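Per TrEMBL, these features apply:
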DOMAIN    44-267  domain 'Protein root UVB sensitive/RUS'
DOMAIN    270-418  domain 'Root UVB sensitive protein C-terminal'
TRANSMEM  126-149  transmembrane segment
TRANSMEM  155-181  transmembrane segment
TRANSMEM  202-219  transmembrane segment
TRANSMEM  225-242  transmembrane segment
Amino acid sequence: MAEMEDCEGVIVTERYGSQESWRYLLKDGRMKRQKDAGDGRPARNSVSGVFKSVFLPQGYPESVSEDYLQYQLWDTVQAFSSSLSGTLATQASLRGVGVGNQEATVAAATITWLLRDGTGMLGRILFAWFKGLFADILNDVAMFMEIAAPHFPPFFTLIVCIAGIFKSIVGVAGGATRAALTVHQARRNNMADISAKDGSQVNICVSGLLVSLALIPLVTDNPLLTFILFFLFTVLHLFANYKAVRSVVMETLNEARLSIVLHRYLLDGQLLSPAEANQKEPVFLSLGRTVPIKLGVRLGDIVQEPGELQLALKNNSKPYLIGIKNGAVCVCLGSDASVHDEIMAACQALCLRAVLHDVSSLGDALKQLSNTKDQWELVSQSHKMIDQIFQTFLKELDQAKWQTDWTLLDWNEWRVEWSKKRS
């Protein structure tokens, strides 16, 4: 203590995340707190500081992924444009159920609205079962149907019910996508904070409410202007969504990203970073024909007799079986398989698909496989190839900051156990 009192100058420094830093100076035996002269960032109680605390997660930017701000900006733009389109759709729906029409009855309007909500509930159930639609495009289609519905009075109820199903599907898909993005963005397990701030950012779109109040008198009894504005808002909505999706850099492997990274690695030995692979990942589904991959299938989807099981186990000491059946590459996963085994199985399936689908763009290792015509022999040779390359490939995935402790590969729930002695 005496030694500290004898010295003067900075004795302690502290900082609040990356927002501000302070120094404690000792002078004349007293401590004095002083803001760091080299820190030009605004204090937390300034206007920008309050804005950050309300709309951005605590600890920003260290507590979130690097793509957080760009994604949230585009997400806010798309929410703004979608709210304006929603206003046009709501006005058309209300007009369709009889608001402003003296001949319309309360009972008829109520029944129409209940049918619309009821079919929406059915849509949520069906989507949770089937999955896999373009949520934002479907949302715009639903709003277009609601705007067009009043112009087809005999089919109004049917049209708004179908639109209700579409909107419900959008709600389920949006919730699932938002949850996955929240997990990706949270770098300190701060999913709750990020979700709360996302809600605050969406509320910025209260400006959309003000614009909507100005639009309603303009579009009332003016169908042409309604459709023109809807088209403009839809274009902005889809463009903002595209930019938002493109700004996301997922470090978790799904089938598309793993395929891009693996094929580039086999072609020239270069392993793409998450940012590079995400830029190459298609936003829309490919319409071209390809060989499907089925992960986590039943044993019966690969082998139907003991001889085929022996062929599936040839050169295979791994906790999965792989085969080619009915034009598809099928993988049967063992109950003791790890996440790394799942990645290896998916890599081998992708190699087989590349050989079966497109011989012209293969690397040297896959070109050697393409010379094999018998499908079971092709599977056997692919086991040898994946044994040679996978450990090095996995190591480079870790070095490139890919997440290999868990994946987004679409595995089904079937698991199989077999006697390893037969291999």
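Each Cβ is built from the backbone N, Cα and C atoms, and glycine gets one as well.
Predicted automatically and left uncurated, TrEMBL annotations should be read as such.
Since the structure is predicted, the reported quantities are computational estimates derived from the model, not experimental observations.
Residues 74-75, 77-78, 81-82, 84-85, 88-89, 91-92, 136-137, 140, 143-144, 147, 215, 218-219, 283 of the same chain lie 6 or more positions beyond the ends of the transmembrane segment (225-242) yet place their CB under 8 Å from a CB of it. Sorting the domain 'Root UVB sensitive protein C-terminal' (270-418) by DSSP state (H, G, I as helix; E, B as strand; all else coil) yields 69 helix, 18 strand, 62 coil. Over the domain 'Protein root UVB sensitive/RUS' (44-267), the average per-residue pLDDT in this prediction is 78.
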